[in-house]
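Asks: Handing you this structure, nothing more for now.
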Amino acid sequence: MSPLARTPRKTSVLDTVEHAATTPDQPQPYGELGLKDDEYRRIRQILGRRPTDTELAMYSVMWSEHCSYKSSKVHLRYFGETTSDEMRAAMLAGIGENAGVVDIGDGWAVTFKVESHNHPSYVEPYQGAATGVGGIVRDIMAMGARPVAVMDQLRFGAADAPDTRRVLDGVVRGIGGYGNSLGLPNIGGETVFDPCYAGNPLVNALCVGVLRQEDLHLAFASGAGNKIILFGARTGLDGIGGVSVLASDTFDAEGSRKKLPSVQVGDPFMEKVLIECCLELYAGGLVIGIQDLGGAGLSCATSELASAGDGGMTIQLDSVPLRAKEMTPAEVLCSESQERMCAVVSPKNVDAFLAVCRKWEVLATVIGEVTDGDRLQITWHGETVVDVPPRTVAHEGPVYQRPVARPDTQDALNADRSAKLSRPVTGDELRATLLALLGSPHLCSRAFITEQYDRYVRGNTVLAEHADGGMLRIDESTGRGIAVSTDASGRYTLLDPYAGAQLALAEAYRNVAVTGATPVAVTNCLNFGSPEDPGVMWQFTQAVRGLADGCADLGIPVTGGNVSFYNQTGSAAILPTPVVGVLGVIDDVRRRIPTGLGAEPGETLMLLGDTRDEFDGSVWAQVTADHLGGLPPVVDLAREKLLAAVLSSASRDGLVSAAHDLSEGGLAQAIVESALAGETGCRIVLPEGADPFVLLFSESAGRVLVAVPRTEESRFRGMCEARGLPAVRIGVVDQGSDAVEVQGLFAVSLAELRATSEAVLPRYFG
């Protein structure tokens, strides 16, 4: 447990600023709070004295890896360096704010962000996942937006590992319980199983919010005399030290047991009321600046608001409503109790602000005010326990240039190619391979998980189930909508971090494009092992550069993101897992492209893009041989842009009736998923001379399966030829068939495919 949570409730002497100045040699447990020797010395230099116990707690959480980005900041600057003015044109808020905000036209803006809650979700899976959803939702609320949807990227240990059942069950129930209670549709995501995540599951939650552009709010405190109001839930002992104890350190042999008190406890019904309360406060023009309380609690909210503003701030910490008796100042300041917000309000609007809160039965208290100075001063029953320059807490923490070194094992890993593995040749062998992949935890149906989420609440979900990207209607009068997708591949990123990050970007970009939407912006969550490992830092720096360069090539900006380090147990790190989220815009959701076949009688099936013999890092290599080595598929971002442009035009002109991107499992998996989604069979005729195994199972990037109405085949083929996009006819949709047939090789009934796919997760977790 956190040293903060172990401090006595009552001490003989309150450690005030005055007391600290007169007791310079008093021992302090800075190491237990996660601070290094040089960091503690720097705090003393900043203050000109030793810090009080409360100041020490504040600096320790705000200078943690989770809050300060001290190991990643120097590398994350590359995102800004590679973002052109043209890419910035549509951004209303970017990196550094609670969430990025993008202009989508017609006066509308969309804010979206993905964040991790990995470590808490291993310690206490239900609350860890639930509060992960709650935290990202409040980030979106703090921008002035109404949250409209969530997504999740989940990584667990092997499906048959004993602890995976505990973690998955809690995480899925936590996500569903919180999101469903908020009335937010869960419109997509991804679930991956790999032994490397056994002690370090990844729970990355994304939230999307919508606002009118004039309703944008930012996190800053300005105007001397303006009041600071804390509103929402009471403050308790839950979550204390979460950012420094859980999110900024590795698990040891003791695992999670000693860290349980650091997990927050969520109340989705309080948050649901808080959303409506915030929206009414915004509509009434009652808020100058606002910040949610997440990691580091009031330490973060007060220091960031003051640092981003043009003055100082005073806080009466004993005014904070508590739900635990005899909390110390440090505990109140660092508590991560959920469902709380902090607003800057003009004195003339305080009564109106409090009246709105009373209407919604939201507890609200004036706890301080903005000053014309340059200090953040916090008192406890009239005595000063914090007196610091806020920028040194929030924005000028330590920045490290960690050692970076390509792992000695990388060459051997890349030389271990999958070409040595035995491949299926006959029709029976190919059929068995298809069923083996479909019946593995890696490619089986996720219905067991997704059916625990409400996908269509609020009535604006247009695409969710079976779709590559989730789609929402934003404006009922015009049909304007958005599409969102998140993707990652730790296996590819291990083989080549630069290319792996670009492959994740390319797939998320392509998943948005196949819905008919135009990709416009990116968010990310970078999940890696310990930054103190030079090999991990090499993976991280390569992935950042790959993602930034890829966004520059595609012409879409990174609007914000999150870094999660220390995802390892002892010396065993997770696969490097950069999660990429892409936002797209569509002018009318009625022209969306679904995944399922059979919308039109006798559709022609066409494969767009080039197929190469690329199996290194593939699901086929993983399932059939437990192999991971070689080089990932080639990334061609110019081809991805071309593919997206063709799909957008085809959607606008009604040339395509269904589309599905090709990724894990290749063409065979895409065909099966589209056939099952449409409950319609099809007949595949492979091009003469093609290697059936390569064409069916290769994971080459930049490819899409499309269904084209018979009447539009020549037009669509002509458009592809005119733009230089390879398009090959590979079969037809057979509405009278109940099977997927690969002519001359094998056939599998839809019933067998569905049974194989849907039986897997219930077998492990039901």
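Just so you know, glycine gets a Cβ as well, placed from its N, Cα and C.
Not my notes, these are from Swiss-Prot:
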ACT_SITE  His66  active site
ACT_SITE  His117  active site, proton acceptor
BINDING   Tyr69, Lys113, Asn524, Gly561  ATP binding site
BINDING   Glu115, Asn562  Mg(2+) 1 binding site
BINDING   Ser116, His117, Asn118, His119, Arg138, Gln264, Glu336, Ser337, Gln338, Ser564  substrate binding site
BINDING   Asp139, Asp292  Mg(2+) 2 binding site
Asks: Hey, what's the widest CA-to-CA gap across Tyr69, Lys113, Asn524, Gly561, the ATP contacts in the record, in Å?
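Replies: Greatest Cα-Cα span of the listed binding residues: 17 Å.
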Asks: Quick one: which of these binding-site residues, Tyr69, Asp139, Asp292, Asn562, have their CA within 10 A of Ser116 (substrate binding site)?
Replies: Asn562
Asks: Among the recorded positions His117, Asn118, Asp292, Asn562, which ones place their C-alpha within 10 angstroms of the C-alpha of Tyr69 (ATP binding site)?
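Replies: Cα within 10 Å of Tyr69 (ATP binding site): Asn562.
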Asks: Cβ within 8 Å of the ATP site centroid (Tyr69, Lys113, Asn524, Gly561 excluded): which residues?
Replies: Ile95, Val114, Glu115, Thr523, Cys525, Leu526, Val558, Gly560, Asn562, Val563
Asks: Between Asp292 (Mg(2+) 2 binding site) and Arg138 (substrate binding site), what C-alpha distance do you get in Å?
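Replies: Distance (Cα to Cα, whole Å): 6 Å.
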Asks: How long is the line from the C-alpha of Gln338 (substrate binding site) to the C-alpha of Asn524 (ATP binding site), rounded to the nearest angstrom?
Replies: 23
Asks: Please report the three-state DSSP label of Asn524 (ATP binding site).
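Replies: It is in a strand.
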Asks: Give me the Cα-Cα distance between Gly561 (ATP binding site) and Arg138 (substrate binding site), rounded to a whole Å.
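Replies: Checking the Cα atoms of Gly561 (ATP binding site) and Arg138 (substrate binding site) gives a distance of 15 Å.
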Asks: Return one of helix, strand or coil for Ser116 (substrate binding site), based on DSSP.
Replies: strand
Asks: Can you give me the Cα-Cα distance between Arg138 (substrate binding site) and Lys113 (ATP binding site) in Å, rounded to a whole number?
Replies: 11
Asks: Tell me the Cα distance separating Asp139 (Mg(2+) 2 binding site) from Asn118 (substrate binding site), rounded to the nearest angstrom.
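Replies: Cα of Asn118 (substrate binding site) to Cα of Asp139 (Mg(2+) 2 binding site) measures 17 Å after rounding.
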Asks: In sequence order, which residues at least six apart in the same chain have a CB under 8 Å from the CB of Lys113 (ATP binding site)?
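Replies: Listed in sequence order: Asn98, Ala99, Gly100, Ile136, Asp139, Ile140, Leu206, Cys207, Thr523, Thr559, Gly560, Gly561, Asn562.
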Asks: What three-state secondary structure does DSSP assign to Gly561 (ATP binding site)?
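Replies: Its secondary structure by DSSP: strand.
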Asks: List, in sequence order, those recorded positions among His66, Glu336, Asn524 whose Cα sits within 10 Å of the Cα of Glu115 (Mg(2+) 1 binding site).
Replies: Asn524
Asks: Measuring Cα to Cα, how far is Glu336 (substrate binding site) from the residue listed as 'active site, proton acceptor' in Å?
Replies: 13
Asks: Per the record, substrate is bound by Ser116, His117, Asn118, His119, Arg138, Gln264, Glu336, Ser337, Gln338, Ser564: how many Å separate the farthest pair of Cα atoms?
Replies: 21
Asks: Please report the Cα separation of the residue listed as 'active site, proton acceptor' and the residue listed as 'active site' in Å, rounded to an integer.
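Replies: The residue listed as 'active site, proton acceptor' to the residue listed as 'active site', Cα-Cα distance: 11 Å.
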